[in-house]
Structure formats: structure tokens, C-alpha cells
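Student: The structure follows.
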Amino acid sequence: MLFSWREDPGAQCLLLSLLLLAASEVGSGQLHYSVSEEAKHGTFVGRIAQDLGLELAELVPRLFRVASKRHGDLLEVNLQNGILFVNSRIDREELCGRSAECSIHLEVIVDRPLQVFHVEVEVKDINDNAPVFPMAVKNLFISESRQPGSRFSLEGASDADIGTNSLLTYSLDSTEYFTLDVKRNDEEIKSLGLVLKKNLNREDTPKHYLLITAIDGGKPELTGTTQLKITVLDVNDNAPAFERTIYKVRLLENAPNGTLVVTVNATDLDEGVNKDIAYSFNTDMSADILSKFHLDPVNGQISVKGNIDFEESKSYEIQVEATDKGNPPMSDHCTVLLEIVDINDNVPELVIQSLSLPVLEDSPLSTVIALISVSDRDSGVNGQVTCSLTPHVPFKLVSTFKNYYSLVLDSPLDRESVSAYELVVTARDGGSPSLWATASVSVEVADVNDNAPAFSQSEYTVFVKENNPPGCHIFTVSARDADAQENALVSYSLVERRVGERALSSYVSVHAESGKVYALQPLDHEELELLQFQVSARDAGVPPLGSNVTLQVFVLDENDNAPALLMPRVGGIGGAVSELVPRSVGAGHVVAKVRAVDADSGYNAWLSYELQPGTGGARIPFRVGLYTGEISTTRALDEVDAPRHRLLVLVKDHGEPSLTATATVLVSLVESGQAPKASSQASAGATGPEAALVDVNVYLIVAICAVSSLLVLTLLLYTALRCSAPPTEGDCGPGKPTLVCSSAVGSWSYSQQRQQRVCSGEGLPKTDLMAFSPSLPPCPISRDREEKQDVDVDLSAKPRQPNPDWRYSASLRAGMHSSVHLEEAGILRAGPGGPDQQWPTVSSATPEPEAGEVSPPVGAGVNSNSWTFKYGPGNPKQSGPGELPDKFIIPGSPAIISIRQEPTNSQIDKSDFITFGKKEETKKKKKKKKGNKTQEKKEKGNSTTDNSDQ
């Protein structure tokens, strides 16, 4: 900053005060500097960076910049040394006019973090303007009759400077007739007048030329001059006189045209023409006043004829002259001081500078979004402006300085709820009525990855038919991410795990983009009934977010397995079964039983038996049970019947379409006396190869006993641990519930293999009897221990190890070699609700204590893992391993599972095919003396119980 009065002690004190004031203002956010007008380019103003507490090295990185509402190029900051200097010519008179205070307001903005500083630079006046008179030559007419002491008003000079630089003094050339008179009134208005010192004599000197000099109070002094050309007139010796020298008037701005301002009045003591007065504006009046006001020359009324704006000019000084019509004319002057009263006619102005757009939705609170400055050209209360913001938005306005606001974040943002805000900033002044202005700010919320992909369900259930083609589309998963752009791009993948011995990815795959799930290979219901796995959805954000969904794929059964016949090991030719039947049997005698199994489930495994008609349409005396497979006689046999019958039994399931198998049974009709011999020969022929296997059977028995002993020890240890351990959550593994699902067909199963397949965990399954109700949903059941006890049969209900007396007898082995061990497949009962399919699980033996057998269950989904045993002759009647009660009802299913107890006198044998053993031959020898009738009755009775030797 330049000072020409550096040596002055008072100036040094003033400078020190200014520096202390500037230092104190740094803490409050505003600095004060001063600079003289007309300073040269590069003139030092202040060390702004140092005063603001900023390091020079951070000016450029923090984007140090200076902003100003007006005259932004007058001052500039050197970013290398942080000095504020003069950039262009500063003219105080052009910048502030005749205002007593003149300052340049600057805004200094730095980023990272955003800070705003306010700097006020005071522009000091220098004496650079000389006094100026309105006219270079002033013509003045003075009558020679004017008396000494008469005063003639003159227009004084004006100086554009202020303060002492504008204080003017006047001087007049030396003359004996005139002197200058300068008066100062209460309004600090200097009245310049020319006073006549002695009488004029027009005849001596008709004209006088005077030079008036105006000198200002600056250093150095500047002067201005004007020349007075005085013409001496004769006659009219009374000039008009105004009632008041000064008129003070107040006028509202924006007054309409024609509004009366004031009426001036002057009187003249002369008479006649010399008394007539005409009013006019002084010839020195500015063009601006002449354009805004009108003066009636006759009545002296001043009225408005232009726009009166307080913001343009707060007051007007109007010079009015009254001139009579004498010769020469005489005049008088008065001054009208017009004060303009401000009204609230200017709306506030808003300037918004956006700094941080768009705004991240995770931005911290109090983040500065934009800077807002307001102004109002009105004064007083009319110029006091307050700002407000649209309600119910997560932003607020914070006043940082007078008429300056910051738009800051007030509450957390969520782009998924609102992606953009249209804010309206309202600036309202304090006038009555108040005026306001609005400005819109569009705030866009930028997305961050704060939402994970979400599935519409936590679990999906899918039904797929088995034998699907490889690559078959079975389902489509879809997850939605509430984020935008890359944060919403979802990719899908499998959550890999093991399914038995194979990886999950060998069964199914999922398309990464579409979420389509494909079966990579044909699924087999008999191998896998339920495939449970998880699909993961993950977005492309940083860091990525994800979620999982569970898919339960139920493999529905198709009729893809034909019935399989359980054929005997010996007897028959080319796979056919041979049976010998005495001709003496009556109607209903069971000749043989055909047994078959189907690997499918439900109706696809429900088997029925049909006897194909004989060749040539001949009627045969045999029939087959529709659901039992038992071949029995339809009538008593006689001599006319052919000795050999080839029976074709068609076994078919109830699938769509049904699959079939054919069993061939060769029935030979023999006389009653020949049947025991044939049976004996067959038994003798079977013992030959059986003897060759004795050694092998010994090893097998030893191995079976060892394995059984190990199994018993394991079960005992497991039972002891389970009784002492706390209850677990489920049977399929820790934390994994047993999955109980209802099938569309069938309502129960008894299968160790099936129980293992529906478990999604890796734990060992139990061999339980599980009853399924169609009302059960196809989803995992509760892990509650009480509910599990209602579904699973307790381990204590498992069958015990077979009694050591349960062994294969020689007759039983012979019977097994000579016949097909089959079991009834079911009994169709007609009830009130229609026929019910009964799936027997274990068949009871004859009620006698010395005979009994258990055959493998045949029905829906039952495999051929079955066994047969015989009660020892000395044991009482008891339930064998795996036998069920006579009848039990499965809740929710119409099926009634029963074990059919045959009557004592029933002729239906439980052996697969009827043979005549040695026991009948022995009885006939002992009763040789009896009649043929008694012998025939014995033969019939022995035929029904002969399976005890088998």
C-alpha cells in the first residue's frame, strides 16, 4: 500500500490501527485493507494469504481464488507470494461517486476443505479532481440603479473529490465594484454571490469582466475558474423576491407523472410589465433534473414528469429563477431541496454458486453444497433480506456472513428413496408488503453401493420331471438391486457344495447374467428325489454386496421303469417256472404266485396281473389275482384237461403309458400218487449243487455273524451316547431339519435309502418309518423334538436281531430252489370312498406256531432288498423282524395298511409255487389201509400246509 505521508506520525498511528484491525478481523472471517485510488498496476495492498493463515504452498492445490460481485478485475492475488495487488486503474469517483465510504468487497474461496473469507478493501480518495464551474463564461445583467450591497447569486463550482479535497474557497480579481460573498447554511450548501460595492455607471463602464477562481483543500491544491461577463442595465430597479430562499420537500419514489412537488412564489414591487414574473429553472440545471421535473412558468408549480428512483438518486437540488418583464428584466433565485422517500420497489437478488454437485448419498452432515449471496437495492428495512429453503428436505441454509448463506447437508441422503432434489431458495425483504425472489438449485444424489441384491423370496420350490434333457431350463432366479448403474448390475452363481459323492455343479448350473438355472444332466427320481442348493446374487459395486436364495428342486417320478419279475433260481426251462398240480385239487386252489417289483413310485409302481388267453382261444382252468399275482384254479380239474398248461401272466403298472413284463408258468397236471415222486426227485436234484456250496456258506455265515456282532456293539454304544447327550436339532445333521414332503402319489414310505436322499446335510440317516400326509407342505418341518417324535419312529422300535433259531431248514432251501418266492402286491378294497390301494409291507405266516415267513414288501417305490425267515419249530408265535401291527392308519391318507392274517383252514399257501413234499408221501404210507376218500381229504389238507417243509 502506498502512502505519501509516511513521515507523518499521525499517519503512522493510523496505519498501525488499520493493521491491528485487519489482524483482528481474520478470526471473524473478514479482512480490511485500504488502497489509494489511481494506484499504479502492481501496487501492494496486503499479504492476504498470510493474514488468512494459509500457507503459500497450499494456495494452488486448494484452488485459491478471488471472486467479487462487481469490478472483479481491479484487484488480484499473486499465488506465488500470496500478495494482494492492484490489477487495474481504480477511480474512486467512478466506483462510489460522492459516497463518504467506498470499499471493494472480495470473496476469497479455497477448497479442500471449502472455506470462504470476506475481504474489504477501502479505496481512499486523493485530490485528483479540480473544481469545475458549470459554465466557463457567465453572463450577468445588473441594472445601474442597483444599490451598493446588492447581492447577485452565482452558481458555485463542484469538486468530485470528498472530504478536505472537496472543500472549496473562492477568489475574485481585484475590482472596485464587486466582491464575492460565500455563505454556508445548515445543509452545508455554499451560496456564492456577487456583491455590489459601489454604484454602477453604465455610461462610464457598460461592461465588466471578472475572473472567479475556486481552490480546493487538497495537497497540492487544484483550481478552477469561470469568467463573469457583467452587462450594466438601466431602469427596472426592483427585482422579484421569493417567499423563501430554500424550500424543503419530500417525495415518494416512483411517483406518477404529474404529481405536484412544490409551488414556489415570488413577488415584485414594481408595477405594470415590470411586475409580471416568469418562473424558470436556472440555466445551470443538469439535464437529469430537467428530464424528471416540470416547472410551470406562470404559477411556479414543480411537478413530476419522469421516473423518480430512490436507488438512482436519494435527493435533488433544484434552482428556480423568477424574472420580471421589465427592461431590463430583474430576477431572483431560490433553491428547492427535494428528498426522495424510499419505497419497497426492488425485489431481492440471489446469486447461487454450486460447488459440490452431485452429492454422494453417504456424504457427512454439514457438507457444503452451494454458496448463496443476496442483495436488495432498497434501503433500511426494505433492504434487509432473509433467506429460506424448501421445507422437508435434507438440507438447510446457514448464514456465514451478512447477506451470505451456505447450503449444507442437514440429514442423511438415500438415493434409492430420492435421487434428486429441486430446492427453491426464497429471499424476502423486510418491507411492507414484502417482496421476494426465488432461485432453484438442482441437487443430484450420486449413488454408492449400499444395497445388496434382494430376492423376492427367501426360498423357491421347483418341480422337475425326471429324465429331462441335458441343459434343460428348470427355473429362473431374479434379484433386484435398489442401487444404480454398476452398483445394480447383478450376477448369479452357485454356492458350491457336495451332493453325495459329486459336486453340485455337475447337476445344475446358473447363467451369470439372466439367472436361469439349467439341469446339466438328466435327473433320476429313483436316485435323487430332492436337490437343495443355494444361488448367490452379487452386484458389481466396490465393495460388492450379495445375498443367497435357496432352491428346492423336487424330481417328479415318471414311469420309466418296467415291472421286474423276481424269478426262481431253479425249476423251469428258459426262464419259465414249472409247477406240478394234482388233478384232484378243487376250485380256488393256489397253484403259484408271480411276484414283481417296480422301481418307480406311486401309481407308476402299482402293479396288476393279468392272465393272457391261451392259444387257439382254448379256455384254461386257471386265473390270476388282479393285485396278488396268485395263480389259482377256477374249477375242479378233471381228466379232460390238458396235462400241460403254459400260462402267460402279464404284469403291468398304472403309469401313463403303462409298462409291462411277462412271466411264464408251466403247470403240469399229475395224478395224486405221482406228485410226491416228482417233488422228491426235484428236491434230490437240488441237493447236488447245494452241497457244493456248503463251504462257501460256512464262510458267509461266519462273516455275517462278525458283522452282526459289530453292528450290535455300535448300536449299543450309539444308544448310550444318545441317552447321555443333549437333544440335537435334527436327524440329518447338526442344525439341519428333516425334510418331510408330500408326494402327489403315495402317502408313506419305509426305506433307508429314501430317507437318506431327502436329507440335505451330510449326516448319517436313520432307518425310520416315516408317515407322510398330503396336507404337509413340501418344505422342511420344524426342528422341534416333540414334532419329530410324532413323525419318526423311535430307535427303540427298530427290529431286534433275528433269533438264532431262525435259520434256513433243508426243506425251506429246497422250496426256495424249486419255486419263486413272491409276495402279494396289494389288495384292492372297495370302501365308501372308492377303491383304496393297500400297500402291504410284511405278510404274516400261517397262524400255526410252527410255520411262518416274512416276504419283502411290494408296492410303491419298494426295491428288492428283502429277506425271508422261518420260525423254529420250538418257538412260540411272535412278530418277526420288521413286522408291523395288523392294521394302522396314516393320518391324512385314505390308505389303511394292514397285514392280512389268513384263516386257519385257508387253502392259500404263502409259498411262491405249490409243490408236494415228502411229508405227504409218508402219511400216505402210514394210512395205506384207509379208503380212497379219506386219502384224498388228507392230500388236500397237506397241500395247504406243505410249505412248513420248505
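Please read every residue number as a count from 1 along the shown chain.
From the backbone N, Cα and C atoms, a Cβ is placed for every residue, glycine too.
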Student: Select, from Asn257, Asn942, the one residue given the annotation N-linked glycosylation site by Swiss-Prot.
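Tutor: Matching Asn257, Asn942 against Swiss-Prot annotations yields Asn257.
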Student: Tell me which residue from Asn265, Asn932 Swiss-Prot records as N-linked glycosylation site.
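Tutor: Record lookup in Swiss-Prot returns N-linked glycosylation site for Asn265.
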Student: Rounded to an integer, what is the Cα-Cα distance in Å between Asn265 (N-linked glycosylation site) and Asn257 (N-linked glycosylation site)?
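Tutor: Distance (Cα to Cα, whole Å): 22 Å.
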Student: Sequence gap of 6 or more, Cβ distance under 8 Å: name the residues on the same chain that satisfy this around Asn548 (N-linked glycosylation site), in order along the sequence.
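Tutor: Result: Val495, Gln534, Val535, Ser536, Ala537.
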Student: Should Asn265 (N-linked glycosylation site) be counted as helix, strand, or coil on the basis of DSSP?
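Tutor: Looking at the DSSP assignment, Asn265 (N-linked glycosylation site) belongs to neither helix nor strand, so coil.
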Student: Please classify the secondary structure at Asn548 (N-linked glycosylation site) using three-state DSSP.
Tutor: strand
Student: List nothing but the one residue from Asn257, Asn265 whose Cβ has the fewest other Cβ atoms within 10 Å; the candidates are the glycosylation sites.
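Tutor: Across Asn257, Asn265, these glycosylation sites, the one with fewest Cβ atoms within 10 Å is Asn257.
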Student: For the topological domain 'Cytoplasmic' (719-950), report the average pLDDT of the model, please.
Tutor: 38
